[in-house]
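Take a look at the structure set out below.
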Amino acid sequence: KICESSGESLVSCEGECCSVFHVECLGLKSMPDEKFICTECKNGEHTCFSCKLPGKDVKRCSVNTCGKFYHEACVRKFATALFESRGFRCPQHCCTACSMDKDIHKASKGRMVRCFRCPIAYHSGDGCIAAGSLFVSSHILICSNHSKRNHSSSAVNVGFCFVCARGGKLLCCESCPASFHPECLNIEMPEGCWNCNDCKAGKKLRYKQIVWVKLGNYRQVCYFWWWPAEICNPRSVPLNIQGLKHDIGDFPVFFFGSHDYYWVHQGRVFPYVEGDKSFAEGQTSINKTFKKALEEAAKRFQELKAQRESKEALEIERNSRKPPPYKHIKSNKVIGKVQIQVADLSEIPRCNCKPSDENPCGLESECLNRMLQYECHPQVCPAGERCQNQCFTKRLYPDAEIIKTDRRGWGLRTKRSIKKGEFVNEYVGELIDEEECRLRIKRAHENSVTNFYMLTVTKDRIIDAGPKGNYSRFMNHSCNPNCETQKWTVNGDIRVGLFALCDIPAGMELTFNYNLDCLGNGRTECHCGAENCSGFLGVRPKTAFATANEEKVKNAKLKQKKRKIKTEQKQMHEDNCFQCGDGGELVMCDKKDCPKAYHLLCLNLTQPPFGKWECPWHQCDVCSNPAVSFCEFCPHSFCKDHEKGALVASALDGRLCCSAHD
């Protein structure tokens, strides 16, 4: 931990930090005879691994062998951190590269190589590790973020815009060669240092990537002096190249055409993309070696692309054999501030069933608790051990198996016949509050996750069966389901169970109606195959009467085709959120002729509004009275009393805008 090097005579701290030290770095002459605990563990003041500031308000990563400490505010800045009921798993247990590629299922699996100085980790192998990282050991490295080079003075920028490929007045990134016209990014020319979005997000170049390289005036015969090359792993280049002077953040490249090597850094390299060969076409004075380099680069790019696609196809095929990973649990796991209620025995209702009854507290009994959806308590129920209303507590689930369906992913199928009203399974997962639910939904949208397993129990209690759950999480939606969800009170706590709506034969898939609220225009197509299928999730299924009379309605319309029928035109809504401008799942305004739509998060809502709903654009920002003047670029609006001076005509066709816009 002190000198950042390996070697012999290492002693491990047996405290919470799990750090390792050289005996001589500790000022000791020999290995300690007694149990060794470092100074930080003795004092209880550990240093935050992110901001490097010490304090007693830091918290330890929940992984036993980790030993890293963080301020909660620091660790929440990393999208790769995972918060659980017992704390959090720090970013060093999730691959930064896979997370950047939105492959969240793969990101936390497999062997990791971790940075010694910051909360960065990668999967071992050339596919994920950032080029320029320095290996300290087989599982420890110093990532390229710790280069001693001042990138703000070493980046060599291209002379054309990365968006439109034209020259002119360009905005140059301080960390890489990227250049842009400010108007191509829809921004004003900033003052001072500026970094492109890729550099801000921490996106790094990787080994076996084809790039364009510039070495001062070297190879100036080529177009803009940039030359195609491939980034190499330092261990795969000749020994004399490995011995050349280089630092953390530098990596060797193999030049196409001339077949020589050189050490460069991110400031002089940008990615090659398919078709880049075309920019040199038509150049009459093109060098033969450069022409050969372009051909070799294009060929090698296609080879690497084919290898990558073959690997991805193999992985998809392998993953199709089993469901996506999740942790199987038997009961709800509390996350954060949510609490599981436990009732006193005196508060638990007592039914009137008797032990001598044929099926005490059973399906066909007149058990008061069962009628009111209360589970009997073994110490309170007069039927005692013969009580048949303890399915949640005893987990009396019929045998079922996970199956692969044709068009609906994975599903759940019963192995035995189930009677109408019988308990099928409990819906379990992580029990989270509204705030955590919103954070997870936001994180899911950022990572392009489309599968959700959240089920609302009460206003501030949501079950998320995504990361953890049981077989119930595999039950598919159906517009004509054979199961339904019911909220039961079990020992004072509300829990969700799935019960059979009809007699279900063995071998039948188990389904229930998700009752999703349809948000915006991006509706999810339903593939349940039921006769009354509505076609989309969240749309009310067709009734039996409507299904039977569809043909009659069509025939009646044909007879009326000679008559003029006044039809109300369907109201069309915008595809992007009026608040943030992004697409996705949106809730639409119900006011006539209003096309606006919004994300729930942008409205500070967790559930869609009930009944007819008018968006904020129709209420004055100051007094909430009906608005008469509207900003055409955001939901700000004003009533007659407050409209004076609130809006001005913009340069865009004179459209009105508020003070929030330039």
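Residue numbers in this text run from 1 along the chain shown.
For all residues, glycine too, the Cβ spot is worked out from N, Cα and C.
Database features, via TrEMBL:
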- 158-202: domain 'PHD-type' (DOMAIN)
- 207-275: domain 'PWWP' (DOMAIN)
- 287-314: coiled coil (COILED)
- 346-396: domain 'AWS' (DOMAIN)
- 398-515: domain 'SET' (DOMAIN)
- 522-538: domain 'Post-SET' (DOMAIN)
- 548-575: coiled coil (COILED)
Message: Give me the DSSP three-state residue breakdown of the domain 'AWS' (346-396), ordered helix, strand, coil.
response: 13 helix, 1 strand, 37 coil
Message: Taking contact to mean 3 or more CB pairs closer than 8 A (sequence separation of 6 or more), are the domain 'SET' (398-515) and the domain 'PWWP' (207-275) in contact?
response: no
Message: Can you give me the average pLDDT across the domain 'Post-SET' (522-538), rounded to a whole number?
response: 79
